[in-house]
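What follows is a short report on a single structure.
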There are 2 protein chains.
Amino acid sequence: MPLRLDSRDADFAAAFTALVDARREADEDVSRDVAAILKRVRAEGDAALADYTSRFDRHDLEASGWAVTRAECRAALDGISSELRDALELAAARITAYHEKQKPQDSDGTDNAGVRLGARWRPVDAAGLYVPGGRAAYPSSLLMNVIPAKVAGVSRIAMVTPTPNGVINPLVLAAASIVGIEEIWRIGGAQAVAALAYGTDRIKPVDVVTGPGNAWVAEAKRQLYGVVGIDMVAGPSEIVVVADGKNDPDWIAADLLSQSEHDPTSQSILFTDDAVFADAVAAAVERRLPLLSTQAVATTSWAANGAIILVRDLEEAMPLVNRLAAEHLELAVEDPEILFEQVRHAGSVFLGRMTPEAVGDYVAGPNHVLPTGRRARFSSGLSVLDFMKRTSFLSLDQAAIDAIGPAAVALAEAEGLPAHAASVAVRLS
Amino acid sequence: MPLRLDSRDADFAAAFTALVDARREADEDVSRDVAAILKRVRAEGDAALADYTSRFDRHDLEASGWAVTRAECRAALDGISSELRDALELAAARITAYHEKQKPQDSDGTDNAGVRLGARWRPVDAAGLYVPGGRAAYPSSLLMNVIPAKVAGVSRIAMVTPTPNGVINPLVLAAASIVGIEEIWRIGGAQAVAALAYGTDRIKPVDVVTGPGNAWVAEAKRQLYGVVGIDMVAGPSEIVVVADGKNDPDWIAADLLSQSEHDPTSQSILFTDDAVFADAVAAAVERRLPLLSTQAVATTSWAANGAIILVRDLEEAMPLVNRLAAEHLELAVEDPEILFEQVRHAGSVFLGRMTPEAVGDYVAGPNHVLPTGRRARFSSGLSVLDFMKRTSFLSLDQAAIDAIGPAAVALAEAEGLPAHAASVAVRLS
């Protein structure tokens, strides 16, 4: 049974705080093991990769090939149904269109002191993309990671994906073919992230590593942050639904379960102002659960982390929603604008009764790589900006340095940095 | 003596690669000690802060006060010279004007499938700013960290600064008064970062922690990345100057020394196509060094990490400059545009003969918190965006979900996520 809270209850504040503070992220202490893997890949390169892949993935890279070829990707694309192919192509086109609008503007101008000031955005040279193997090998994640890098103008994209027992997910290869990835290495785990960051004889180093992964991959990214850029450290998926009593309870139940089925640590929370509706959603969840092939995961997640929270009115929910700062937020009401205006922290918001979160996972356009675990308080979903960087620039002439230089000299001297002061002072007229 | 290289030499490629790969960052292993401090502050809160401050800063928080008051800041401002006050105010005004232009645009529109798509930027609720104590307590760094947060619209800014032996830098307080910081705690080190991230009884937690610090502060930020947002892990300062023979060698020497004087690990590199000029700069550096109050540091840094690199022509330097991806890059030539076009990786670029890097440290406007250690390959200087986050949003009506929903259903089913598929399918007409 999921948690049931009522904002009218005397102990609500404490119970809600406990819900906000509950950590669902595993504290697996893999940091020492990961550090050892990174060190060995850095020192031994491809030999270490081959050994780890043989041990962890039971797969001989020398015998079956280090890389997936373009021909293999093309064959995978040819092998899927036209319905799936059309779906992948629609998704790729819509994701591309959305991310094109994220491209930042350069700036360049001269102010009234005669100082030319500006900023220029450029793509990174190379991006590395981690795509998990096995059950969590999602072609949609591949699209969501590759397309922002392509739109940013990154000229080299290197993908790594483990192929346990040599088996590759054909849908992932089909998606790779659609977006045109030229470089796919059959490696995974912390060792693959190390190879991307440090480079080996075979694999040239990249500048940014993105993509989801297990605890080892996440820890490798965390440890290599600074050697390369990374997207974020992702935790379990989550959804908050704010719904009035006029929704179909069965629809809202489906929305809640769409997160619960991801992982036993996923979280689905419903806020509603209608106690009868709350009961109807709870009942609909129970009816739907046995029908799912993901029943075991969804049942565990819903019971352990699910919550139904009754509020006096939906406006009362909004400060609570902001405290949760959820990855996904549905505002399932007739006119969601009033509530939306009050949203300060959320990864992505789904407005109205006809906008289920799952449509955003695949084909709507915005990125589905979003901050989890309350990190929407300070971070954003994956975007074109994660694959670009800004260089500021500055140009002064004699008049400009005469105008603002003396202040720089004064401050440099006050900070005890005489060479700073001198480099400006020598140019003053 | 700094390194001298000539691109015509047979071993140049190897020597230059060694220069690029040389690590100047200390590998101080403070991670275990920092982890222990974070854990204790999280568990014991203010009591741990008081104890660490007593031990590390020899300062009794209970006796002399936990916080610096606005009146103390105001008094410090009243106590500095009008020249310094004017300089700080000019700097604050120009930094504000530059950062105002960084404010991102929201987007909102409906595409031809009838899908409403957009993105909305909001500031974080609270930012924590670390300002070092003692010799490295720079009022300019305070301005460079606080102003982007203010421009972003952050409503609460909490500053921490250690006051060893109870001594506070009056210039830092004066700068705090100018930008109007209401909350200043007299704590430092890893314990201060922990207090900002986790919160204590006295200090409410923040969402983002920025600002420079020693190895302990940097490691605390690294370990708390994910609990809060952080700006970056900063390393030693560095400058690359590309200069033709028509510059005054004394000016270029001053520019090189403006980085050398920061720290023994700082790095200054000159590229020039004129061997006579190279010698003249080297001689000018030797003449200038004894005149500096920072002579000891600058001499060590210049000898250990400085380099003068002779190239056939300045265009040849540009791919080398991109490999270094320096924090600061001066293009000291008559028409810098041709070279500037070839810059792919640099934190900030200073164009022409009259634009010394130091003017950018103080009063020009762009941020002086910039990526070091080749991280300009993938990261940017501190900006308004570091204090904001983007929420994507989406709204569909019946026609829109009928248009794109079936593709989402197909992909969800192919990925083995039936509840995802159902949440879309139930809404299709």
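Note: Cβ is positioned from N, Cα and C throughout, glycine not excepted.
Per TrEMBL, the candidate among A:D125, A:D201, A:D207, A:D361 that belongs to the substrate site alongside A:S237, A:Q259, A:H262, A:H328, A:E415, A:H420 is A:D361. If you take the Cα of A:E415 (substrate binding site) and the Cα of A:E327 (active site, proton acceptor), they are about 44 angstrom apart, rounded to a whole number. Ranking the binding-site residues A:S237, A:E415 by the number of CB atoms within 10 A of their own CB puts A:S237 at the top. Comparing Cα positions, A:S237 (substrate binding site) lies closest to A:E327 out of the recorded positions A:Y130, A:Q191, A:N214, A:E327. Those binding-site residues from A:Y130, A:Q191, A:S237, A:H328 lying by chain B, with Cβ under 8 Å from one of its Cβ atoms: none. Shown in sequence order, A:P132, A:V160, A:P162, A:G188, A:G189, A:A190, A:A192, A:V193, A:G213, A:W216, A:V217, A:A220 are the same-chain residues outside A:Y130, A:Q191, A:N214 whose Cβ sits within 8 Å of the Cβ centre of the NAD(+) site. In this structure, A:Q259 (substrate binding site) is part of a helix by DSSP. Separating the Cα atoms of A:H420 (substrate binding site) and A:Q191 (NAD(+) binding site) is a whole-number distance of 44 Å. Reduced to three states, the DSSP call for A:Y130 (NAD(+) binding site) is strand.
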